[in-house]
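Visitor: Below, the features straight out of TrEMBL:
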- 12-31: transmembrane segment (TRANSMEM)
- 37-58: transmembrane segment (TRANSMEM)
- 79-101: transmembrane segment (TRANSMEM)
- 107-123: transmembrane segment (TRANSMEM)
- 130-149: transmembrane segment (TRANSMEM)
- 155-177: transmembrane segment (TRANSMEM)
- 200-220: transmembrane segment (TRANSMEM)
- 226-247: transmembrane segment (TRANSMEM)
- 259-278: transmembrane segment (TRANSMEM)
Amino acid sequence: MGFKNFLKLILVKQTLFALPFAFLGVAFGGGGGPKTWILTAAALAAARSAGMCFNMALDHRIDAKNPRTKDRLIPRGEVAPRQAWVWAWLSCLALIGSAFFLNRLCFYLSFPAVFGLFTYSFFKRFSASSHFYLGLVEAAAPIGGYLAAAGSFSAVPFALGVVIMAWIAGLDIVYALQDMEFDRKEKLHSVPAALGRKKALLVSALCHLVSLSAIVFAGVHTGRGAPYWIGALFVAAVFSRQQALAWRGHDAAQIQKIFAVNMYIAPALFLGAFIDILI
């Protein structure tokens, strides 16, 4: 497997997109030192790499049948499933190692995190709750970031986890609209396949509302100032834009527009929190 294929396999752009998830938790946890930020970034990158490789390896036969995903690396024959499995488990070891050097709590929690990364791909085979399970797995990023900096639990990391879980679930439901008919044909489970387009979009909108509510709770609970609330308002505007785009249609071009604006959410919320808390 060449380096270019490796970067495509782990979707490195999505890893960079996810870094602010974890950094948001670090900021709320007090920041810590350079070691905290570096190891948190390493853990997040390893977790994303493991999750992507597990998903690609487990779903390559399904991907080969789906017109939208048939050109991914494994169905196309450019990467062998065995290579994806090897990299997935190496990434898990990197995640556990990074967590070990953060603190004992992060180390202990890295094992259920690995379990979540491995099991996500199975959920769509038997439950439409897979969107929420994906959100739960992604929620480990801000929770882990907070624990890396603070070293203990409070209400804050759970609120941040709800922010990410509901946001990602809402986004993934919209994304799954593309595969609604395919999922029904292959007996795969998703909210769009179970409820249809309109009801699925209502569930997605509700998820975004829950995410915004958790953003407000985290801000009020910790007494955040103007920079944080400016970031929160920006997120609300992006959620509104995404929902408007989703209601217009769910073809590939429309989904691309939704994901394009989605890329700004995590950096905006993180920067607002970082400026408010640490500067």
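Note that Cβ sites are derived from N, Cα and C of the backbone, with glycine treated the same way.
Neighbours and distances for these, please.
Guide: Nonlocal intrachain contacts for the transmembrane segment (107-123), taken as residues 6+ away from its ends with a CB within less than 8 angstroms of a stretch CB, comprise 43, 47, 50-51, 54-55, 58-59, 92, 95-96, 99-100, 129-130, 133-134, 136-137, 140, 144, 147, 189.
Counting same-chain residues at least six beyond the ends of the transmembrane segment (130-149), those with a Cβ under 8 angstroms from any Cβ of the stretch are 18, 21-32, 36, 39-40, 43-44, 47, 51, 99, 102-103, 105-106, 109, 113, 116-117, 119-120, 123-124, 156-158, 160-169, 172-173, 176, 189-191, 207.
Remote same-chain partners of the transmembrane segment (200-220), defined as residues 6 or more beyond its termini with a Cβ less than 8 Å from a stretch Cβ, comprise 28, 135, 156, 159-160, 162-167, 169-171, 173-174, 176-177, 180, 191-192, 228-229, 232, 235-236, 239, 242-243, 246-247, 269.
Under 8 Å from some Cβ of the transmembrane segment (226-247) lie the Cβ atoms of residues 167, 170-171, 174, 177, 201, 204-205, 208, 211-212, 215-216, 219, 254, 257-258, 261-262, 264-265, 268-273, 275-277, all in the same chain and six or more residues away from its ends.
Residues 17-21, 23-24, 27-28, 30-31, 163, 167, 171, 175, 215, 224-232, 234-235, 238-239, 241-242, 245 of the same chain lie 6+ residues outside the transmembrane segment (259-278) yet bring a C-beta within less than 8 angstroms of a C-beta in it.
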Visitor: Using a Cβ-Cβ cut-off of under 8 Å, list the residues of the same chain that are 6+ residues beyond the ends of the transmembrane segment (155-177) and lie near it.
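Guide: Those are 21, 24-25, 28-29, 131-132, 134-136, 138-143, 146-147, 183, 190-193, 197, 200-201, 203-208, 210-211, 214-215, 217-218, 221-222, 239, 242, 246, 250, 255, 258-259, 262, 265, 269, in sequence order.
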